[in-house]
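Q: OK, TrEMBL features for this one:
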DOMAIN    51-89  domain 'Alpha-D-phosphohexomutase alpha/beta/alpha'
ACT_SITE  Ser65  active site, phosphoserine intermediate
BINDING   Ser65, Asp260, Asp262, Asp264  Mg(2+) binding site
DOMAIN    189-267  domain 'Phosphoacetylglucosamine mutase AMG1'
DOMAIN    281-420  domain 'Phosphoacetylglucosamine mutase AMG1'
BINDING   Glu354, Ala355, Asn356, Arg482, Pro483, Ser484, Gly485, Thr486, Arg491  substrate binding site
DOMAIN    439-510  domain 'Alpha-D-phosphohexomutase C-terminal'
Amino acid sequence: MAQFQEVSKLSSQHPKPPGLVLQYGTAGFRSNAKHLDHAMFRTGLLATLRSKKTKATIGVMVTASHNPEEDNGVKLIDPMGNMVTAEWEGYATQLVNAEQDDLLIVLKDIIEKETVNMSQEANVFVGKDTRYIMLTNLLFVNIYSLHYMVCCQNTQGKYGEPTVEGYYRKLCQAFIQLIKNASNCTDDQKHLSVDGANGIGALKLHEMESHVKSELQISVFNDGSKGKLNYECGADFVKMQQKPPTGMEMSPGERCCSYDGDADRIVYYYTDSEGQFHLLDGDKIATLISTFLKELLTQVGLDLKIAVVQTAYANGSSTRYLEDTMKVIVRCTKTGVKHLHHAAQEFDIGVYFEANGHGTVLFSEVAEEKIQLLTQDPNTNDERKRAAQLLQNTINVINQTVGDAISDMLLIEAILAIKGMTVQQWDAIYTDLPNRQLKVKVADRRVIDTTDAERRAVSPAGLQEAIDSLVKKYKLARSFVRPSGTEDVVRVYAEAETQESADALAHEVSLAVYRLAGGVGDEPKPLH
């Protein structure tokens, strides 16, 4: 009983702002940092209960990812490095929104429903990005590879050593083994420019460089020594603005990539000889990786089911290429990596990336065992054994627990080197349809309800019919709308045969949303 009184006393020192309601979603809790003190404290309480319940180490990550520096967020990480279950998301929302007088009631209700043994020892790992925020009763380690470390801890080291150095060592050793299969790489081909978004990934990349410098020369820009986190830089800026980040020195044809603030997203890009900007986003990354893996599976002769999991934001050209040319299964899910991760687990090999560059590859236990047996079988011929060893090293360079920009970068660099591909050749695998994303402010985003993996609007009445009518006006067109998970805006996506058509369609759909879904402020203006 004394422990509950202590919790109540401490909680009163971190009061909930009057009227504030927070919803735990895919990204956990997100808001302006000054509104999150109580949420941080209470998420720490919930992490303790989750650890006691699972009898395992739980992670707490403090980050707002690609959001501006003044924002922050907090989310829980389950024992295998994955996101917390939907039921515990609900507990998080209840706990954080409880009034002070009801806090102990909510806590005790969770304990009772989950039959939590309060005498069980709790173990919580906590990580943060480079944002500054005053947090209490949470002990921080300055890591961004937290999902990896939680999984290592709970598998007693089977997945790897649960330290930052162990993380570097596992990924980099696998990368070096992979890159040995590349022939005659020039120094130019080994060079990569990285925009660190002034975030934690840039700091850790400097620490990791020594492990790979013989095979990969990295120049880091926006490394946190000056400039604000995610301000005019980072993966989200590059993706949305379709231009290089501020602070990046680029030469024509040079291969470049950007992380986001907490290094779980990555996009590649280059400029051609005419100064034209070319973006290679999550769709291009998924295509490159799945093509490489399917070729290796053919060489080893393993009948494993491989699939690419996308969201509605995936460019239509990528979906057509994967299905029609590569003959790969494509699954579409709702936006949010927890949905993609879950769908990817249904296959022997699941490649999942959101278009924003957040993703990874999952291998089933059966797939890993079959690949390992081939590498150890003395009767396996040289060609099959080489392909199996490539697959084995690919598994080890991938952080299967979560999207990880550094892990994804090493895999991409290894694939390009092994296949002898330039970034231009990679880009030419297929041509993206021109597209446009817009936001419409509304009084209440909950008026928008969707179905079919968010590709069709169920409400408000008449909205989907209006979208269908507008899409028919343009060639190779499609459009969908979905409510934001964090703010009262509706996100509009449109693609079409030309950029002019995509822009016009996006604007017209935005007007339909504004008029039918309770738009606020000025009507959306044409882009041109």
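Any Cβ shown, glycine's included, is placed from N, Cα and C.
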Q: Rounded to an integer, what is the Cα-Cα distance in Å between Gly485 (substrate binding site) and Asp264 (Mg(2+) binding site)?
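A: About 18 Å separates the two Cα atoms.
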Q: I'd like the per-state residue tally for the domain 'Phosphoacetylglucosamine mutase AMG1' (189-267) from DSSP, helix first, then strand, then coil.
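A: Computed counts for the domain 'Phosphoacetylglucosamine mutase AMG1' (189-267) are 22 helix, 17 strand, 40 coil.
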Q: Ranking the binding-site residues Pro483, Gly485 by other Cβ atoms within 10 Å, which is at the bottom?
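A: So among Pro483, Gly485, the binding-site residues given, the one with the fewest Cβ atoms within 10 Å is Gly485.
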Q: Would you list the DSSP helix, strand and coil counts for the residues of the domain 'Alpha-D-phosphohexomutase C-terminal' (439-510)?
A: 24 helix, 24 strand, 24 coil
Q: Once near-sequence residues are set aside, which residues in the chain of Glu354 (substrate binding site), 6 or more away, have Cβ atoms under 8 Å from its Cβ?
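A: Listed in sequence order: Gly282, Gln310, Thr311, Tyr313, Thr335, Val337, Leu340.
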Q: Tell me, what is the mean pLDDT of the domain 'Alpha-D-phosphohexomutase alpha/beta/alpha' (51-89)?
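A: Taking every residue in the domain 'Alpha-D-phosphohexomutase alpha/beta/alpha' (51-89) and averaging pLDDT yields 77.
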Q: Considering only the binding-site residues Asn356, Pro483, Arg491, which residue has the minimal Cα-Cα separation from Asp262 (Mg(2+) binding site)?
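A: Out of the listed candidates, the nearest Cα belongs to Asn356.
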Q: If you draw a 10 Å sphere around the Cβ of Asp262 (Mg(2+) binding site), how many other Cβ atoms fall inside it, taking every protein chain shown into account?
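A: A 10 Å sphere around the Cβ of Asp262 (Mg(2+) binding site) contains 30 other Cβ atoms.
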